[in-house]
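Trainee: Residues or ranges marked as Mg(2+) 3 binding site in TrEMBL: 40, 85, 236. The Mg(2+) 4 binding site annotation in TrEMBL covers 40, 54, 85. Per TrEMBL, the feature Mg(2+) 1 binding site maps to 55, 56, 133. For 56, 85, the entry in TrEMBL reads Mg(2+) 2 binding site. According to TrEMBL, the feature substrate binding site maps to 63, 289, 341. The annotation ATP binding site is assigned in TrEMBL to 115, 132, 133, 159, 238. Annotation source TrEMBL lists Mg(2+) 5 binding site at 239. Among the features that TrEMBL reports, domain 'PurM-like N-terminal' is placed at 38-151. Taken from TrEMBL, the feature domain 'PurM-like C-terminal' applies to 164-267.
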Ligand code: ADP
Ligand code: MG
């Protein structure tokens with residue numbers, strides 16, 4: 001772990017002092033928040049529509065490695081990955097709660113930085129921090145966030161709504177977060193054998209940013225609304241394209257064809273894949289943590305999204321009996337597998 005300039009023990013403040021310090025400067029902005037932090041429970045009021053709730057837990061050593069994720073980024077990422085689930089319902093996030101378990105190996109200044117990241121995310125995504133819990137842990141750091149959002153009843157998008165012949169569309173590009181992790185892991189190994197190494201990582205800034213500071217695609221539901229497109233099903237890509245596409249198929253009781261040549265991968269990531277001798281298709285399918293949105297739209301809406309730089313049609317839904325497969329560049333059909341990102345990690349070990 002990076003040496004902190006200052007280290008003030010958590011016990012100096014006590015539980016209540018710590019909560020007060022961490023949660024100051026979180027102004028309430030949403031009209032649905034009646035009462036935020038400070039009572040036994042927050043009070044919310046949603047006057048119409050549907051309320052969506054999603055929660056995620058990040059565990060040190062499982063989901064993140066403190067030797068390379070700066071605490072501000074960790075706070076930001078923890079919020080962003082939760083909000084990504086809210087956007088995947090086509091909802092607008094409104095509030096979050098934050099649960100944190102820490103050991104005394106962390107100083108107050110370190111927690112301040114995590115909350116700096118959380119505060120930054122609250123500002124960018126316009127959500128209120130309305131509560132949480134603070135407790136101690138004997139070993140690692142655990143950060144669990146719950147996000148709440150709202151959506152019109154007729155606008156909510158579930159995984160189960162896809163129809164046969166719908167187009168499968170993805171936002172942004174894939175594989176970046178996984179390659180960012182590969183770069184960071186490599187540098188960590190180099191650093192361990194030579195602590196004086198000063199790596200120049202500037203050429204890897206895109207993948208590293210995708211890994212350490214992922215963005216929830218707030219802009220995509222807004223863009224689709226503007227284009228007059230209502231997806232029939234949607235999911236966010238946390239585990240990899242393959243696994244998420246299979247979730248849509250299962251929930252909608254359909255099959256899918258994904259065309260390898262259509263999968264969007266940034267040129268910087270393609271180059272990095274060559275350097276690491278790994279297939280860009282494999283990492284796009286199984287890499288995970290890209291937090292892009294994957295959704296289906298009726299074929300009739302193709303013209304509305306055609307040529308949009310943020311959206312790529314990568315395939316189409318078909319009847320269940322036709323199965324779920326990737327159509328390779330040579331036309332061969334390969335069954336899609338939900339390897340997910342943990343499996344990929346183990347493969348490489
Ligand atoms: P209780 O004992 O009733 O659980 P706490 O003392 O744990 O209350 O919390 C006091 C207030 O501070 C509550 O509003 C709670 O939601 C909020 N809170 C506690 N920990 C956190 C945290 N880590 N982040 C944000 N809010 C928190
Ligand atoms: Mg409590």
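The backbone N, Cα and C atoms fix where each Cβ goes, and this holds for glycine too.
Note: TrEMBL annotation is automatic and uncurated.
Would you situate these features in the structure and describe their surroundings?
Mentor: On its own chain, residue 85 (Mg(2+) 3 binding site) has 54, 56, 147, 236 as residues at least 6 apart in sequence with a Cβ closer than 8 Å to its own Cβ. Under DSSP, residue 85 (Mg(2+) 3 binding site) is assigned to a helix (H, G or I) in the three-state scheme.
Under the three-state DSSP scheme, residue 40 (Mg(2+) 3 binding site) falls in the coil class. There are 5 other Cβ atoms within 10 Å of the Cβ belonging to residue 40 (Mg(2+) 3 binding site).
Note on residue 133 (Mg(2+) 1 binding site): other Cβ atoms within 10 Å of its Cβ, all shown chains, come to 11.
Note on residue 56 (Mg(2+) 1 binding site): other Cβ atoms within 10 Å of its Cβ, all shown chains, come to 18.
Within 10 Å of the Cβ of residue 289 (substrate binding site) there are 21 other Cβ atoms, across all protein chains. For the recorded site, residue 289 (substrate binding site), the DSSP three-state label reads coil.
The Cβ of residue 132 (ATP binding site) lies under 8 Å from the Cβ of 23, 37, 97, 98, 99, 100, each on the same chain and at least six residues away in sequence. When secondary structure is read from DSSP and collapsed to three states, residue 132 (ATP binding site) falls in the strand class.
For residue 239 (Mg(2+) 5 binding site), the count of additional Cβ atoms within 10 Å of its Cβ stands at 23 [all protein chains shown].
Across the domain 'PurM-like C-terminal' (164-267), DSSP assigns 54 helix, 14 strand, 36 coil.
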Trainee: Could you check which of the binding-site residues 40, 55, 63, 133, 239 is the closest Cα neighbour of residue 115 (ATP binding site)?
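Mentor: Given the candidates 40, 55, 63, 133, 239, the nearest one is 133.
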Trainee: What does DSSP say about residue 115 (ATP binding site): helix, strand or coil?
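Mentor: In the DSSP reduction, residue 115 (ATP binding site) maps to helix.
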Trainee: Using the structure shown, find which entry in 54, 55, 238 (the binding-site residues) has the sparsest Cβ neighbourhood within 10 Å.
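Mentor: Output over binding-site residues 54, 55, 238: least Cβ neighbours within 10 Å is 55.
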Trainee: Any idea what the Cα distance is from residue 239 (Mg(2+) 5 binding site) over to residue 63 (substrate binding site), rounded to a whole Å?
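Mentor: Residue 239 (Mg(2+) 5 binding site) and residue 63 (substrate binding site) have their Cα atoms 12 Å apart.
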Trainee: Considering Cα atoms only, can you say which of 63, 133, 289 is the nearest neighbour of residue 40 (Mg(2+) 3 binding site) among these binding-site residues?
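Mentor: Going through 63, 133, 289 one by one, the Cα closest to that of residue 40 (Mg(2+) 3 binding site) is 133.
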Trainee: I'd like to know which of these binding-site residues, 63, 159, is least surrounded, judged by other CB atoms within 10 A.
Mentor: 63
Trainee: When you rank 63, 159, 238 by Cα distance to residue 133 (Mg(2+) 1 binding site), which of the binding-site residues ends up on top as the closest?
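Mentor: Closest by Cα distance to residue 133 (Mg(2+) 1 binding site) among the binding-site residues 63, 159, 238: 63.
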